[in-house]
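Pulled from TrEMBL, these are the features on record:
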- D:80-128: domain 'NADH-Ubiquinone oxidoreductase (complex I) chain 5 N-terminal' (DOMAIN)
- D:144-431: domain 'NADH:quinone oxidoreductase/Mrp antiporter transmembrane' (DOMAIN)
- D:6-26: transmembrane segment (TRANSMEM)
- D:33-56: transmembrane segment (TRANSMEM)
- D:127-144: transmembrane segment (TRANSMEM)
- D:150-169: transmembrane segment (TRANSMEM)
- D:190-209: transmembrane segment (TRANSMEM)
- D:229-250: transmembrane segment (TRANSMEM)
- D:271-289: transmembrane segment (TRANSMEM)
- D:301-322: transmembrane segment (TRANSMEM)
- D:361-378: transmembrane segment (TRANSMEM)
- D:398-418: transmembrane segment (TRANSMEM)
- D:438-463: transmembrane segment (TRANSMEM)
- D:550-574: transmembrane segment (TRANSMEM)
Amino acid sequence: MMIEALIAVALIGALVTFVAPNRVAGKLAFAISLVPAAISLWLFATFDGSGNALLEGTLAFESQYEWIQLGEYSISWFVGLDGISLPLVVLTTVLTSLAIMSSWTPIDERESQFYGLVLFIEANLIGVFVALDFFLWFIFWEAVLIPMYLLIGVWGGPRRKYAAIKFFVYTNVASLLMFGAFIALVFGLGDAVTSFALPEVADAMVNGEGIQQTLFGLEPTTLASLVFVAMFIGFAVKVPVVPFHTWLPDAHVEAPTPASVLLAGVLLKMGTYALLRFNFTMFPEQVETYAIPIAAIAVISVIYGAMLALAQTDLKRIVAYSSVSSMGYVILGLIAYTQFGVGGATFQMVSHGLISGLMFMAVGVIYNATHTRLVTDMSGMADRMPVAVGILIAGAFGYMGLPLMSGFAAEYFIFFGAFGADFDYAPIFTGLAMFGIVLVAGYLLFALQRAVFGPYSLETDYEVSRAPLHDLAPMFVLLGLIIALGVAPDLIFDMITDAVDPILEGGDS
Amino acid sequence: MAIYELPEWTALGPALILAVTALALFAFDSISPRSTNRQLLAGTAVAGSLTSLGVAVWFTVAGVGTPTADGGNGVIDPTHGFVVDQLALYFMIIVAVVTALIVVASYDYLVDHAYQAEYYSLVILAATGMSLMAAADSLVTILIALELASLPSYALVAILKDNRGSVEAGLKYFLIGSLSSAIFIYGISLVYGATGHLELAAIAEVVSGETEAGSGHDITEMGGLLGLGILMLIGGFAFKTASVPFHFWAPEAYEGAPAPISAFLSSASKAAGFVVLFRVFTEAFPLGEIGAVIGFDWTVAFIVLAIVTMTLGNFAAATQDSVKRMLAYSSIGHAGYALIGLAGLTADGGELVMGAAMMHLLVYGFMNTGAFLFVALAEHWGVGRTFEDYNGLAAQAPVACAAMAVFMFSLAGIPPFGGFFSKYFLFVGALEAATASTAMLVVAAVLVINSALSLYYYSRLVKAIWIEDPPATRDRLAQPTGLYAAIIVAAVMTIVILPGFGPVVDAALDAAGAVVG
Amino acid sequence: MIGVEYYVLLSMAVFCIGLVGVLTRRNALTFLMSVELMLNAANINLIAFAFYHGNLTGQVFALFTMALAAAEVAVGLGIILVLYRNFRDVDVTVPTTMRW
Amino acid sequence: MEGAFSYAPAIAAFPLVAFVVALVFGKWMPKKGAIAGIAATGASLVFSLWMLAAVASGETYHETLYEWTAGEAASEIGADTIGFSFGILIDPLAALMLVIVSLVAFLVHVFSLGYMNAEGETGLPRYYAGLGLFTFSMLSFVYADNLLMAFMFFELVGLCSFLLIGFWFRTRSAPSAAKKAFLVTRFGDYFFLLGVVAIAATFGTLQFAGDESFVAAAEAAIDDGGQLFGFDAETWVTITGLLVLGGVIGKSAQFPLHTWLPDAMEGPTTVSALIHAATMVAAGVYLVARMFGYYALSPTTLAIIAFIGGFTALFAATMGVVKDDVKQVLAYSTISQYGYMMLGLGVGGYVAGVFHLMNHAFFKALLFLGAGAVIVLMHHEQNMWKMGGLKDKAPVTYYTFLAGALALAGIIPFSGFWSKDEILYDALIVGLEEPLIMAAYAMGLLAVFFTGFYTFRMVFLTFHGEPRSEAAEDPHPVGWSIKLPLIVLGILAVVAGIANLAPVAKLANVDITFLEHWLDGEYGGIDEVTYSAYSELLAYETGVISSEQVTVLIAAGLSLLLAFSGAGLAWKLYSDPEPTAHKERLGSAGTVVEDNYYQDEYQVWLAEGVTLPLARVADRFDQTVIDGTVNGVSTASLFGSSWVKRIQTGIVTNYAALLIAGFIALLLGLGVYGGWF
């Protein structure tokens, strides 16, 4: 029941906040958001699951109720947690609370609506990570679009309307493609499955016969490959993976800081999480078949994304493109299909969530004071806002994968896992992708040098002063978490690997 | 349930109640045509439609029409030419719901209209016709019910006598309508000519060769004649459901008519059209047998129609300036979605896809009606008709605008709203049908493209009311009780129908099962 | 006796005449009449086939059709009336305030 | 002494605490965190000496303290599980380095009191926090017991250098220098990390010492001659070794990744002292020494190391000749000196390399601090041509500096001579067999001349002759906190050579090579990481000219001769009261050298002339092609929309026509399909 409580609190909180008066909305929303955070931490503490949720693992906090009988297929409310989803749930709740606090300063109109939407998005994000029935999962997956569309559209930057609609339509098209593919998969499995419950489908794919039917005049194997590719593309848009990434920078740049935090911190993880849950859990054979092209895509995402970041002058754009780059590492880790690879990829999801969140907050805090994000417009900000800049620098080094910060752990796991991967030329691909760590240092340090160092200069008609404490507090929390995970990755890596192993064993069988 | 005691004719209760209400209103109208006792008139109409709704729900629950095997009372034949089964009741519910909603809304919308009684009586009369369409199972009754629905509609569309738009809309609706009905009737005559019968069941027997036509000739010789007849029937129904190429009246009629009437036509009238379509083609021209007679299964026709209708509706909607016209085109697009329900049928089965279409029509009854009623509200406010005129309404009327956002996202098929399930189940159904005939893959693909496009223009409206800034010059907006009530009810239903979708699915699948397989 | 097919041909001819009228005439009243022609074409069919099949259904139905046509005309005339009131004309191609 | 090692973690912990304290409370502390730093590094020094004593008493320490994470390894050979952990390895080498690092760090902290505090710098807490973190990282790196842990702190060292070089962030140059330092070393570390991953994936372990060390595993792999990642074992060891070497070249500023180091002079001189003498730059060479066993397995790698070292030694020395900024001269001398160490290690002169590392730490710290003192004296003037005549005005500074200079120049009997001579000797005896090494030796030998020259050019210009600016007329006085470290280091620079008087030992045949014995674990050590163990692995042939003694004499004689001639030339050119520049005599060569052989130019060009434009092209491509496609789709559909809706002409007759047309089209289509006509 705890999971239901988690979602319910967020939903009700959203409604309450939505009707609350504007001036109290921020504080109220923060107070409310602490409840899910607390619950999720409690779940984390008392987690007793083992194995993979989709592959006969023992779920924690599981609950299932019949919902709809659609012909011979049953749809149910089916939620549960395993070592992969729990860290992401905690990430979501914690990040939401921090994002809410970080938006006290920048959000100065229609507050109650804003915070209501943030809580609403939190509810759906949690749902995405806990849902184990395809339709239930898909509801949450799609429902995320609405609040994000409005968050970007209402409180965003100058080109917010374009960015919002682009994000909305682009990702939705991808969802439709993926949906069709999955349904085809279910039909392809024929009588092997009688419901849309993901564990059942995964079981039929991995331990069962796999796709047996000949659909649309396609041989089972062809069908499986097509479904795999279609779903991969569908999720690739959400991740995003080059060349499906162009909605991301627009959305990031135009979105208000807290929205960016959630977007980069959690929404992108939906894509990689789905990839892991669907493609990489249900299609072990195809994963091996398509290892080379996917690895190539991963490398391209890393390098190309980094190159794009290098060409930007807008701090947010830089971070946005670097997200593309970082997500490339995740893909690399997933395709490696080794314990450290897939586990590292999952770890990177959490790590990148924290670090990119921190970066966006720091950039946001500076933006609050300067009202510009162009590194060319400002210089020597360290002189006026030492603490904020200090955190920005810390975050930047986290992004570069500085040891003893979570980013390094994640990247190292992925590299190590990918280097020893089974597919051909794995070391080469790893080596190429690793060059990203040089490029990332390049563009981040270049931006820092221009924006925060050097003699102070910024055209403002007011005095730029230090950031208020409630802007800094969330960043300190994040920094603490980043370092904690960097020093002690086993805080979550144990449970992750525990949930990852069954996937890989499925690959062998 | 005391239903056993009731005589059989009461099975038509939902329709009859509407008829009685209509007559009552007529009586009132003839007594005092200029009466403006809105409470009484609207009250009567609402009471009538709600009773009809209640009875229809009651019958459904009581198991009228459910096969006796499942502990129901079996299909009831109240009188010659009518049948009451789950399909009929299901659509009677839809009609009653929509009627109730728009009547409530009209209470405010028609506040300064001269002929109140006339309006309400026409509405209820049309509702009666639609309700009867749901139960008609002979081409005669179908034609009568259909015209009973159409004729008042013509008048209703043109009821704003001094509004050029309304009149123009009425004219176009009427002209296209009469043309279509002429074609329809000619089609009936050809079918009759080919089979010698007008009852669907009898036609089916002839088509399947169980009994031979009255004249004793072999049906297959008449294949061409029958085929032409069938095509003409399709034409008649296409007009009712605003499907290409008989859709041309729809954009103008919906745009020019009073918004509640637009809602009425685009939701209830469309649904009624579809129920007849479903019934006639599944019962009179059984798939498989019909192929032997006219050379092809009529699903082909519907595949084509579905694709064209979806595409034309959505594409034309994408760049409209007038909100009402956008909704009109989107309603054409949704007709295309619903057509998939027939296109996906196969000789053995297809409950899923047809059921999905029915679910969609039910949900559509709420979300589309709601959307049009919001337009009615806007017209009531007098803010204007274009997207720009709607800018920033949320700042002044957040509740109504929240409801509108719900309708839009639901129409676009975004959760957590009812439209999500119906649309995606339709998608699932289409794919399942595609496993049988690959042509349905094309339909599914087109569905994807169109729903993506629809996302664009629906969110465009949300953008206008929620994201854009309101113009400086716009005075306070009133909060008419009736309109608000109707809109909020529609919105709430659109939302709660998602968690409560289980019964809807069961009802729809049973309804489909009543005619398919 | 004359084969049913000739009746069908006749009705089709009438139907097409009506159709052409609908397509070419701009006067609302002519339009209405053309539609009436098409309806009567249907009636011809119905009666002929009733005779052919030797059952009365068709003839009865023809009666319905006529009644229906009458009702239609009634409503139609009403609309044409208000059309004239608003547009000072009964040309059906005049009202084009709504398009595209 | 057994219990000593349980306190080993404290050595690193103290500076870490100091870092936190300085960062958080520094603002409110009397000396802005200096006290905390001095206390911490002092404590570290004491503990390090304790460790030294413990090792001397025959103990060593190799303990895994904390498992970072563990899991399945996809290793080519060895176990299928791997643990990544933090552990401490204290053997003679580590103990020695601990002492060096903590000592230098301590002295730098003390010196900072005079150099930074007294000069009223702002942001001192940041400065001392940086120093603390720097010391912590370096000490942790020094006694890391596995390659990953080493890499981690190697990187942290890089971070600290970034923070400290960029200390004066309000200037334009400092941040740029800091960025460059981090980027260039990051580039090296990229290869290092790749090497770490490769080694871990190959051998399933990253331990330096012990039975399951990757060195042992590699040795085994080579012995049973299997295939690793499609290469035969030795090639693979070479490849991975070279990858790791990338990090070394970056950090130890070897050619071609040396360009960051001269710019790093933008940082406070104290930081330069720390970076060059004991921490960052030393880290590279120390890493080679640390995993010397692994390199010993692959002669190719060693040869490459040796050659790079020799070349860098000469290459950097030539550039040092023409610099006017006292710190610049020292910077290039650093590069050059680390070249020697690489040369020494490359030719298998493990002891020699480490010996020079130690001596260099002392005299280079001394020289930099001395330069710092000079800069204080000169009111922050760094151009040597503005100086002069400081000899009498600041005797302490002068004599200590002179001691350092003599050591650097390698003048007998100062410490530098002994270690450098030993390196050259080792290079020579190997070179007699291996021509490539001989070339490296030749370059190293030639560099001695330049070293002597630029060292004394610096000394003469700075201290001798007449004051050439009013700043030089009345120097700013320097306090005890500056003098004390100078004196300590000065003494060390003079006597440190005693640690390993190899030539004397060979000639007089007395057993006084203490350092060799020390590193050989004779007092206490871990078997497979001792000098002798390495020597067995080495595949080098060594030769002698006639006899060992003669060879020793020749080697020493040659290097001394060159050193003296260099110094002499400097004396001839610059010792007059009003020295004049002689650069133009060098002609075009001079300008080339002035511009550091255009090393910076081409690297900057690579960054800004190639990468950046490439990035812009990518961006353009992204905006136009990829995003253009996306937007194109929407534009196309909207255009289609505006076209489709035109069908609705508004004229009802057209509707009727279209309706009929549509119907007939359907009729014909289906009619044909259904075969009606």
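Every residue gets a Cβ built from N, Cα and C, even glycine.
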Counts by DSSP class (helix H/G/I, strand E/B, coil) across the domain 'NADH-Ubiquinone oxidoreductase (complex I) chain 5 N-terminal' (D:80-128): 31 helix, 10 strand, 8 coil
Cβ-based contact of the transmembrane segment (D:550-574) with the transmembrane segment (D:398-418), 3 or more pairs under 8 Å: yes
Same-chain residue ranges lying at least 6 outside the transmembrane segment (D:361-378) that approach it to Cβ under 8 Å: 100, 104, 107-108, 111, 114-115, 119, 269-270, 272-274, 276-278, 282, 326-327, 330, 333-334, 337, 386-387, 390, 393-394, 397, 400-401, 403-405, 407-408, 414-416, 462, 469, 471-472, 475-476, 478, 482-483, 485-486, 489-490, 492-493, 496
Cβ contacts the transmembrane segment (D:33-56)/the transmembrane segment (D:438-463), at least three under 8 Å, sequence gap 6 or more: no
Positions whose Cβ lies under 8 angstroms from the transmembrane segment (D:438-463), at least six residues beyond its ends: 306-307, 309-311, 313-314, 316-318, 320-321, 323, 326, 329-330, 332-333, 336, 339-340, 343, 346-347, 374, 384-385, 387-391, 398, 401-402, 405, 408-411, 420, 423-424, 427-428, 430-432, 558-559, 562-571, 573-575, 579
Confidence summary (mean pLDDT) of the domain 'NADH-Ubiquinone oxidoreductase (complex I) chain 5 N-terminal' (D:80-128): 86
